[in-house]
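Novice: So TrEMBL has the following annotated:
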type	residues	note
ACT_SITE	His289	active site, proton acceptor
BINDING	His332, Glu338, His368	Fe cation binding site
BINDING	Tyr347, His368	homogentisate binding site
Amino acid sequence: MWEDLKYLTGFGNEFASEDPRCPASLPVGQNSPQVCPYGLYAEQLSGSAFTAPRETNRRSWLYRICPSVLHRPFERIDSTHLTVDFSAHPPNPNQMRWKPFDIPTDGQVDFVQGLRTLCGAGQPATRHGLAVHIYTCNVAMENKSMQNSDGDFLIVPQQGTLRIKTEFGRLVVAPNEICVIQQGIRFSIDVEGPSRGYILEVYDTHFQLPNLGPIGANGLANPRDFKSPSAWFEDLDVEHTVINKYGGRLFKAVQGHSPFNVVAWHGNYAPYKYNLADFMVINSVEFDHCDPSIFTVLTCPSVRPGVAIADFVIFPPRWSVTEHTFRPPYYHRNCMSEFMGLIHGKYEAKEEGFLPGGATLHSIMTPHGPDAACFEGASTAELKPVRVADGTQSFMFESSLMMAVTEWAEETCSKLDKAYYECWQPLKKHFRIAEP
Ligand SMILES: O=C(O)Cc1cc(O)ccc1O
Ligand SMILES: [Fe+2]
């Protein structure tokens with residue numbers, strides 16, 4: 001059943017979907033009939049203020065067997081490894097690199113139990129900021145779902161395909177694909193084995209496609225390649241626990257039915273997935289190294305034009321053809337924070353030490369760039385056309401905010417590579433003044 005899922009295609013469309021077992025379950029011509037088809041309850045899920053302008057207005061109407069309000073009270077549960085308190089741990093401007101995060105091998109850990117906050121800035125309470133989390137897990141969320149009241153999750157699986165039930169239907173998301181599950185949408189994740197990945201959480205607003213400017217009407221991530229689930233329900237009267245991430249803390253509420261009981265829905269607020277292999281890569285074909293903004297898949301804009309709360313940027317396989325050019329990334333200091341992860345393969349600027357399932361963080365104005373081996377190699381390489389990053393995929397979460405790392409990231413996880421700075425220490429002085 002999970003193998004032949006049918007998706008609805010297009011980014012941000014006004015979709016309409018009915019589970020085929022219940023034809024004509026969507027009300028016609030109105031959202032709230034006195035009695036809904038099949039005796040369903042109508043429920044609106046608002047992902048923007050009612051009064052948001054049309055371009056950014058997001059809401060969906062769900063027609064469900066029981067309304068979401070049918071649950072027992074929320075109670076606090078342990079959430080020590082998740083935080084939104086980014087001032088709890090002192091800031092650290094050093095270049096940081098983490099070895100791959102361990103996937104639990106003893107004991108059963110599901111997606112919610114395996115969430116760890118690595119870094120972030122801002123606060124969900126004031127609807128401003130972001131967080132980066134790692135998930136590691138090995139079992140399904142059994143009769144358990146999650147809703148994130150704090151913001152949207154952009155999930156980047158690195159190992160293990162995820163089978164995700166949502167209120168809108170089901171999604172299968174494999175490594176090299178990503179998915180976005182927006183604020184408030186309930187989901188439950190099953191895994192095929194030991195699984196690991198990265199999460200970018202944004203509090204301000206939803207992800208958008210970047211503008212294309214002179215690129216024209218096509219290119220980068222094309223809207224048609226985004227896939228949303230089609231309606232699917234289970235009519236299960238079982239004890240089910242809803243986990244609510246609210247203000248950075250976890251709460252649980254028990255109810256007597258599955259929340260995946262939406263028979264039909266319509267609207268433009270729905271989760272989606274995207275295959276990174278569908279990205280149409282644009283780059284320099286003559287000289288110099290373009291800024292990585294050319295590889296932006298999705299952006300969560302701030303109120304300042306062109307300045308993102310978070311950009312999701314990939315470094316996809318591509319041809320490198322530039323002439324008389326130092327082809328790898330340039331050395332730089334940036335007014336933005338750069339968090340990077342590696343899905344598979346090697347990253348061109350650092351072939352050693354940065355491993356799949358690991359991460360790096362180069363904070364605001366922290367100097368970084370190619371390691372010494374990369375510099376020497378690329379300065380002398382023959383500049384013929386070559387494939388870069390074939391069979392590899394790395395990505396960056398870039399933010400205009402100053403992210404602080406958590407105590408878990410800097411101490412508890414024991415994955416921080418204290419020797420990272422050494423990769424630049426062999427950089428030699430090549431300066432010479434020409435003989436007259
Ligand atoms: O630091 C990095 O590795 C990411 C990066 C890549 C690139 O091609 C140009 C700038 C940049 O920050
Ligand atoms: Fe950088």
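The first residue you see is number 1, and the count goes up from there.
Using N, Cα and C of the backbone, Cβ positions are placed for all residues, glycine too.
Describe the structural context of each listed feature in the structure shown, including burial, neighbouring residues and relevant distances.
Specialist: Its own atom aside, the Cβ of His289 (active site, proton acceptor) has 15 Cβ atoms within 10 angstroms in the protein chains shown. According to DSSP, His289 (active site, proton acceptor) is assigned to coil rather than to any helix or strand.
Look at His368 (Fe cation binding site): DSSP puts it in a strand.
Mapped onto three states, the DSSP output places Tyr347 (homogentisate binding site) in strand. For Tyr347 (homogentisate binding site), the count of additional Cβ atoms within 10 Å of its Cβ stands at 23 [all protein chains shown].
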Novice: Express the distance between the Cα positions of His368 (Fe cation binding site) and Tyr347 (homogentisate binding site) as a whole number of Å.
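Specialist: For His368 (Fe cation binding site) versus Tyr347 (homogentisate binding site), the Cα atoms are 14 Å apart.
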Novice: Which one of the binding-site residues (His332, His368) has its C-beta surrounded by the most other C-beta atoms within 10 angstroms?
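Specialist: The largest 10 Å Cβ neighbour count belongs to His368.
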